[in-house]
Amino acid sequence: LEGSPLPRNMIENSMFEEEPDVVDLAKESPSYPIDSDDVVYEPRSSRLLVRGLGENDLDEEEEDYESSARLLGMSFMNRSSSQRSAAASSYTRQQPSNSCSVPSAKKMVVGILVLVIIAFVAMFIYFVPRCTFSKDGCQKTNSSIEQLYPKASNGELFPWTGLRLPASVHPVHYEISLQPNLTAMTFQGSVAISMVVLQETNKIVLHSYDMKIINSTFQDEKVNILEYKPWQQIAIKVSKELKKGEIYVLKIHYSANLSNSYDGLYNSSYIDTNGKRRVLAATQFEPLAARKAFPCFDEPAFKASFVIKITREAEYISLSNMPKVKTTPLGDGLFEDEFEKSVNMSTYLVAFVVANLSSVSKNVSNTLVSVYAVPDKKDQTHYALETVAKLLEFYNRFFEITYPLSKLDLVGIPDFLAGAMENWGLITFRETTLLIGDHSSPIDKQLVTSVIAHELAHQWFGNLVTMRWWNDLWLNEGFATYMQYMSIEEVFPELDIDNEFLSVRFKALAKDALNSSHPLSTKVYTPEEVAEMFDSVSYEKGASILLMLKATLSKVAFRKGVIEYLKRYRGLNTQSEDLWMSLSQVTNPHTDVAEMMNTWTVQKGFPLVTVNRTGIQVNLMQEHFVLNADNATDHSNLWHIPLTYVSDICNNSSSCKQVFLFKDKTATIEVSEKVKWLKFNYRSDGFYIVDYGEQGWRALIIALKENVNVLPHEDRAALINNIFALSRSDRVSFRQVLNLLVYLKNETETAPLTEALTQLNHIFMLLDKRSDLLLVSRMTVGSTIIKRLYQSWEEESSVSKQALRSALLETACHLGRPNCTNQANRLFVQWRTSNKTEHIPGDLLKTVLSVAAQTEKGWQVLLDTYKHSIYDSEKRKTLQALASTQDVRKIVWILKAALDGSEIQTPELPLVISTVCRHSAGYLHAWDFVKENWDKLTQKFSIGSFPLQSIIMSTTSQFSTKTHLDEVERFFGSLKERGSKMRSVQEAIETIKLNIQWMDRNLVTLWKWL
């Protein structure tokens, strides 16, 4: 704790902690609406008071208080004034005319004294804690102080008014004992929390959710626990103030059910190869679910150490963040495992697993690295073990800080909602993001490597140095995403990860171009707001601006700054400014990194740079790029853009790159008269798009038609991405887009072709869902890129070429091209008749199986395959094929099966819905399914969570009619507190409006083109 600055939330709350006032209520809005039965006070009035006690709309009780005070004051003044008038009347008549009476000094003193008394009495009547003035005296209890506090579940006043915890105490150490019962699906627990007092107080407030508290003691004396469920908080009040600097211990014994919503301490299950259902318990605490497993101070800044003990049955093992110290037999077939004391860490990083697992291990740089899986899948763990070993050595070298724990476990959980979770020393994964079978494709290996690289990077960014509060989540996720791609490019160049990173940046631009986007650093308070921060802005945009900064500062300076940041704040909590300061200190010449990067983190969106060339002068202008410009909230935003560009004179080498820091609204640069064209944002390292104007676009299109390699493949892909975005915002005609696409007949690289295919697929999906069958038919045969769908089915060595082939053939078969579907059917028959020993290339498996799923017999074979396969990449592709069926009865069945989790695991429901929505036969059924089952969905996936965001966008993003827009607005509007305010809802509505506008503008052009 020494030398650790208090987090901002601690400082703010501690100012008001002993006497919370309306300021806290305004800053810390409740996560759920407060029931009138739970509180004596309606929150509305507190907000009115915050705005300044000058509001007219006061509650009736408040009006009574003020009326009483005013009436009392007026009666005193009336009596005194009438008495003074009567007493002075004869005196005043004796005064000469036109003269003023001057009261004596004594009378002035008396008058002032009377006014003071009046004011005091009025204030006393208004603020006295226990009385309300009446003519009969103190008859009525005054609740003006009580109004500030909500009611605890037992009816007493809860002693805290903020959603964020007070900063008066800070946990130092937890002793946690847990005993899961995997038969009854319950658990018993006890926790002893040692805490230091930072500010004298008579209360302790912490988090707890859905627990039955059996007993509790404070300093070994029994205490009463108060609970306020809407804020997931519990509290104790003590008679004597706790002394600053002293250590106190709170002990709580409790019981609870294992969670069935994939967070907290939850039960998981799977079917083994013998057909027996196996159960296990695992944890997922990020962001706010540690409180579901043990009472705790569940905010990132409350770091502490942990000792964990797990009681288990003999058939299971237990794992936690630290190595196991000892196992103690307890009798009745039970054993208690105790783990080493942990390093200081945030509660969301604590983890434990109780399961029947097998593992492989190796020692890497004095760290025992192990990969765990269920016994049937132990042979699929070796790729992950070799991968994590190489990446751990790389990160140790790169960060110049050795991984601080003596062990590192990677565990595949059969029923896991997140892709993976970076728990310190115990990283948990979906099986499909960890396990690699004999027939897995290089694309499957790329996915597994990416997830491992991301979670391993978190051991430094997030675990060793942690964001102070969830508003800066991007410091964790943006950095881990950036390091994921950078490390793979260095350690596994054969995986061609650069194309994947480029595609991810394009997706982040599309999300951030919406008015419903948010700044990287944005204020969040409620659980729903925190959950919504886990999106492509925090992850991919965060990574993108770090790439841009690295390209600006240089690779060497950027690394030095990162190392400085990690070493300076090791074990602490940080905010964005801390990173910028560390990077500024290593730049030479000195660069104010904060001045530049704050323009990218504290305002949402990104800039559009418009280029207008006249002779040697190139005029530049920047503005906030918003797809639906009519709803743009702020046109005055400016960014510090590290603008890069190349020209036809020098264009295909990084040494050609010119850099210009563009900070103002407009700027001018000069180029040689010999320059024919300019391409800005070299290799798309910057997070912005460019409009070259009609003349500029024409010059670039001519250059690409003459020589496709005149620009690097990243720049060619960026031109395609940018021109489609400009077309959607009506800045460039769709005719201009089509002119650019003509060059694709000579394109051979993955990135440009994949980007063009992505953009055209979006248009195709919109047309398909409008049932514009003639236009869809013409598009399937008329497009330049669709004509390239005659691809080889032979093995490809390059991962990027495999990815391109997979995308092209998937599109061709989806469009029903005979050359594609016939070959897919032949491969499926060979695979089925050989008892699935005839190998189908992994990158083509989903395409082949999706074609097979369109027949009754094929679909049944695939369902049986799905139920019995132990290879998770194969299992997931089989599930996508099943969900691609056009049979409505099967669509209804698969949606229901994924929701109830009986035959399809519920974490796969977002994937099932997304796949169903790709096809015209299923998308309306999926939308109806979501509407009819919304309450069940929000029980499985919390409001604001990424799975729910995905479901909303999958089911609505292809609507492009006013009828569907009205229906979507009506449905989500009816939800009220059950999800109507989610950012993803606003994104969905905005996307539909954009689709409508695009169709209205461009349908005629499409007809002419096709």
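Yeah, the Cβs are placed from backbone N, Cα and C, and that goes for glycine too.
Given the structure is predicted, the values throughout are model-derived calculations rather than measurements.
Taken verbatim from TrEMBL:
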- 108-128: transmembrane segment (TRANSMEM)
- 170-349: domain 'Aminopeptidase N-like N-terminal' (DOMAIN)
- HIS454, HIS458, GLU477: Zn(2+) binding site (BINDING)
- GLU455: active site, proton acceptor (ACT_SITE)
- TYR539: site 'Transition state stabilizer' (SITE)
- 677-993: domain 'ERAP1-like C-terminal' (DOMAIN)
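All features noted in TrEMBL, drawn onto the structure.
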| residue | record | Cβ contacts under 8 Å, 6 or more apart |
| --- | --- | --- |
| HIS454 | Zn(2+) binding site | ALA420, ALA480, THR481, MET483, GLN484 |
| GLU455 | active site, proton acceptor | ALA420, MET421, GLU422, ILE427, PHE429, ALA480 |
| HIS458 | Zn(2+) binding site | GLU422, ASN476, ALA480 |
| GLU477 | Zn(2+) binding site | GLY462, PHE534, SER538, TYR539, GLY542 |
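Of all Cβ atoms in the protein chains displayed, 24 besides its own lie within 10 Å of the Cβ of TYR539 (site 'Transition state stabilizer'). Those residues of the chain, other than HIS454, HIS458, GLU477, with a C-beta within 8 angstroms of the mean position of the Zn(2+) site C-beta atoms are GLU422, GLU455, ALA457, PHE461, GLY462, ASN476, PHE479, ALA480, THR481, MET483, GLN484, TYR539.
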